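K.L.:
These came from Swiss-Prot, pasted as-is:
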- K53: active site, charge relay system (ACT_SITE)
- S128: active site, charge relay system (ACT_SITE)
- S152: active site, acyl-ester intermediate (ACT_SITE)
Amino acid sequence: MITLKQALSLSQDELETLKNGIDANVRASDLNAYIKAPSLNGASAKGVPILIKDNISVKGWEITCSSKILEGYVAPYHASVIENLHQNSMAGFGLSNMDEFAMGSTTESSCYGITKNPRDKNRVPGGSSGGSAAAVAGGLAVAALGSDTGGSIRQPASYCGCVGLKPTYGRVSRYGLIAYCSSFDQIGPITQNVEDASILFDAISGHDSKDSTSANLKPTQTFKNLNRERRFKIAVLRDHIKDASNEVQLAYENTLKALKEIGHEIVEKKILDSHYQISIYYIISMAEASSNLARFDGVRYGRRAQNIKDLKELYLKSRSEGFGDEVKRRIMLGNFVLSSGYYDAYYLKAQQMRLMIKEQYNKIFEEVDLIFTPVAPTTAPLFNYHASPLEMYLSDIYTIGANLSGLPALSLPVAKDPLGLPIGMQFIAKAFDEQSLLDVSYALEQELKLKLD
């Protein structure tokens, strides 16, 4: 597939040819990365085609978050990131499959069916932005937008072998993103390489008055300023990687060796055990999800239950029929931790621990420029591999820290396991220092000269 950098130099006629080719390939593919062929979404805006995750509003398109409860909902406005794309010679072209309401790590909970990993179709692509990552890795998209709440851009990028960037919280507008966990959610790019990630990030970043959490900063110019000659002081968290598989640990050590050879300084640091971070993350995210998803009641928009007797039954049947099992589980747990008897014991304590984690990251960044960790403890698992929801939640063990602290993080493919499955590694940077993330990743990408195709 042509890169985003290359596509931006195409004429309008060449872009139309590109779009027609993508549309035909999507129709012929069995990955199920797209909800439906792009042309069926009425994708007519001019510009380089960018795949959009099905929780980002595009005016006139049916946006469902891959859930039955939003069946028939047509977005009445553009998300701010879509308007930003239009201002930078890009446009939405197709909607990607995802875990329902972005709640999952495998893209198995979508009402549209599973998405397959293009590297091995018997394996998951990761989630929740699995459709976006599978399409980019499978040659079905020039680039894509995803959303990252606890690793939902970085983990599928790692499983599929592409680049995924979660920007600093507030760097990219969330206006028009259908919320899962408002204090964690962030839109970001999934691309074929670091240069493309930089280009797409620059296009969507910047202050937005329509988003009260948007940082009052100008759009970035990271692509223009990409510099592979910079050298950094990078922290490793040795205690943090003990749960990774042997293949991931080997890739981690080999990548550290490459970083040292480039000239970066490596130091060891410690942070709160990642298992505690998992508990904190899920308490807060489920609490916010239970609040955010209360609006889907079958009255105002989306699916409405039939043959109902009263308002209570309308609410009950619409939500019971519309939500999948994982979403119901998180709503119930979220309501539980917010209930009067348990609010202080769970939710309040989790918020206090979240602040402590943020302070720990800030303390580390007083002495270093970047933190280096794996993205996931394993390579992409087989479908139905996770024996329980808890086992699935643990696949986010290395990614949630950046969401808890609001920091930017990038997933970069660095190796393959003996089965040929991609392995990604993650850099975390100081708040609003995406430039350093992209610079170190660009230099490492060029050094490794890794080709996963």
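Cβ from N, Cα, C; glycine included.
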K.L.:
Using all protein chains in view, find how many other C-beta atoms are within 10 Å of the C-beta of S128 (active site, charge relay system).
P.N.:
35
K.L.:
Does anything in the same chain, at least 6 positions from K53 (active site, charge relay system), have a Cβ under 8 Å from its Cβ, and if so what?
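P.N.:
Correct list: L95, S96, M98, S129, G131, S132, A144, L145, G146, S147.
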K.L.:
List every residue in the same chain as S152 (active site, acyl-ester intermediate), at least 6 positions away in sequence, whose Cβ is under 8 Å from its Cβ.
P.N.:
D99, A102, S105, G127, S128, S129, G146
K.L.:
Where does S128 (active site, charge relay system) sit in DSSP terms: helix, strand, or coil?
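P.N.:
Assignment for S128 (active site, charge relay system) reads coil.
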K.L.:
If you run the three-state DSSP split on K53 (active site, charge relay system), which class comes out?
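P.N.:
For K53 (active site, charge relay system) - judged by DSSP and reduced to three states - the answer is strand.
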K.L.:
What does DSSP assign S152 (active site, acyl-ester intermediate), in three states?
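P.N.:
In three-state terms, S152 (active site, acyl-ester intermediate) counts as coil.
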